[in-house]
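Engineer: The structure's right below; bear with me while I get my questions together.
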Amino acid sequence: MRISIGRIGWHILAVLVTIAYSIEHDSICDENTGACVEPLHTVIRLAKRDDELARRIAADHDMHVKGDPFLDTHYFLYHSENTRTRRHKRAIVERLDSHPAVEWVEEQRPKKRVKRDYILLDNDVHHANPFRRSVLSRDGTRRSRQQAQSPHEIPSLPFPDPLYKDQWYLHGGAVGGYDMNVRQAWLQGYAGRNVSVSILDDGIQRDHPDLAANYDPLASTDINDHDDDPTPQNNGDNKHGTRCAGEVAALAGNNQCGVGVAYKAKIGGVRMLDGAVSDSVEAASLSLNQDHIDIYSASWGPEDDGKTFDGPGPLAREAFYRGIKNGRGGKGNIFVWASGNGGSRQDSCSADGYTTSVYTLSISSATYDNHRPWYLEECPSSIATTYSSADYRQPAIVTVDVPGGCTDKHTGTSASAPLAAGIIALALEANPELTWRDMQHLVLRTANWKPLENNPGWSRNGVGRMVSNKFGYGLMDGGALVNMAKGWKTVPEQHICTYEYRLANPNPRPIVGRFQLNFTLDVNGCESGTPVIYLEHVQVHATVRYLKRGDLKLTLFSPSGTRSVLLPPRPQDFNANGFHKWPFLSVQQWGEDPRGTWLLMVESVTTNPAAAGTFHDWTLLLYGTADPAQPGDPVYSASPPTSQGVLSRVQQLTSQVIILPFIRVSVCLLECE
């Protein structure tokens, strides 16, 4: 019998898949009533590591310690009894909090986290052929009936691996003959040797014939089941991490599948998405062996549904900070993140706290024909781009597959982040002394915007670099990255300069209907404290409440005139709570002199004249250095524009300008290191 799955059926399937990604696996259900409760999960922090003390504290509260401590002194406590009410759970947490040896305690609750490969949505049906799923054996033989042809001719193949010919993004196969210039790094002998990469995902098949020789047990663990084996469940849903791993470090020259970008790198995996994902699960994953692992690659995040604002919790934020501060012997771990797949839902990666972290490299995607893919999310925190999939008619990404095979259908920004991690591994082999900030400088300086120049939205920032909300600074260039890395000098210490904007009236400013507010701050770069004269990251922490959060738009103008849309309207976001001190991030002003007048434009696109809310506050954080990043870097010392000059430029873009009374308060952080 032939079964026809229509548009509604595929939508239901997509919903079920999404639910499967975030389901709580260890809920306890009553066999008689079917009612389920979540067991109590908590994390406690002790003054120092003391496993025996942690076990005693757990036992005193009828709990158990699960797994090893993470972040040095944090322990995961678990209560499996199924009679716990919310009130009873709260009482246990309060008792733990009052224990003299416990410095901090927090109940852990599951977060919704989704993998950023292709998920069919109801309004995306026209983008995909749902009946085509290409799976290949290790020798490249196609198991599906559709036999795709190589998209181009390759004059010579340095590797005998059967699917290398289909890795168009590695050897000039994109339209116009473009690729990511990885071969230039290979020809210099760089292949990721002595570099360890860990894939934070649903596990990796460590005995896959195209991965086994590069498998790194020290970069691997199973957070979900609390053991050392990251092997995924072979149930059809957990192939994502293995695919990402193959992009980075699939073996070369072994006549199987294709070739990893860094085919001599060590590859590990953390199984952490195949179960309930909490703040502690993320922190334990991000903090695994930070002195051993060089690069962490993550192709997941909050739901890309166009209505979610979410990001790392306090434990994950601490893991990021410790990674860049202490990882790799003080040089800092490198965290690579997929920017998100919510483009068809008009989502923005500015609402994703992982991609807006100062500590991550947010990677976007481009298609075979050098355009934006339908799933791409725009934001000014994206630093660069790698190739990925488009619709089913164009080639996607070749990699390994579970169990033991190959695929040429890896997709989404999920496929872009591991390619970036592999290219970064080539640069780390060329110069192992690079710090986490060095790598961010190198990636944006060597990215190539020319292959993507026909896409709208490119602009030139204050130091002459082309940048885009879609693609960051352009397509990553492996050869250029390696060449610049070899002679790179460690950047000067980073300073942070903070300016807080306060309304003259201490009460929040009422906002009604369709409005536009312009707030200016005069900045001197904290010249008397820890000066920032050469910009790196720019953050805006803002608090706004509004009837429909998705109607809000935030735009930042630098003294050099660089315009960054921090938050575009998101039509599907009907949240009425707004956002509280949300950290919007821009890397588009990189290299500029921040001294002068900055302007934040807050506006609404609502059609509801009764829509109401309040504007509370915003803070400008400038990250950068007092001296040029590299000897010989040009000095951009154009006279900073006045506030009237900035407003004049904005008036050219808008029909109405409302200036609010305000007090400018400048604060320099003296704790910067």
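From the backbone N, Cα and C atoms, a Cβ is placed for every residue, glycine too.
No curator has checked TrEMBL annotations; they are predicted automatically.
For reference, TrEMBL lists these features for the protein:
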- D201: active site, charge relay system (ACT_SITE)
- H240: active site, charge relay system (ACT_SITE)
- S414: active site, charge relay system (ACT_SITE)
- 490-628: domain 'P/Homo B' (DOMAIN)
- 134-157: region 'Disordered' (REGION)
- 210-241: region 'Disordered' (REGION)
- 1-22: signal peptide (SIGNAL)
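Can you tell me where each of these features sits in the structure?
Structural biologist: Proximity of D201 (active site, charge relay system) to non-local residues of its own chain (separation of 6 or more, Cβ distance below 8 Å) is seen for K115, H240, G241, C244, G269, V270, R271, M272, L273, A298, S299, W300, given in sequence order.
Look at H240 (active site, charge relay system): DSSP puts it in a helix.
S414 (active site, charge relay system) carries a helical DSSP state (H, G or I).
Residues 17, 20, 25, 66-67, 115, 117, 138, 196-199, 201-204, 249-251, 254, 256-257, 260, 263-275, 281, 284-285, 288-289, 292-293, 299, 400-403, 406, 414 of the same chain, all 6+ positions outside the region 'Disordered' (210-241), place their C-beta atoms under 8 angstroms from a C-beta of that stretch.
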Engineer: Which numbers of helix, strand and coil residues does DSSP report for the domain 'P/Homo B' (490-628)?
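Structural biologist: Per-class counts: 3 helix, 76 strand, 60 coil.
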Engineer: Check each residue in the chain of S414 (active site, charge relay system) that is at least six apart in sequence and keep those whose C-beta is under 8 Å from its C-beta; list them in sequence order.
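Structural biologist: Looking at Cβ-Cβ distances below 8 Å from S414 (active site, charge relay system), excluding near sequence neighbours, one finds K115, R116, D117, H240, R243, C244, S299, W300, A338, N341, S388.
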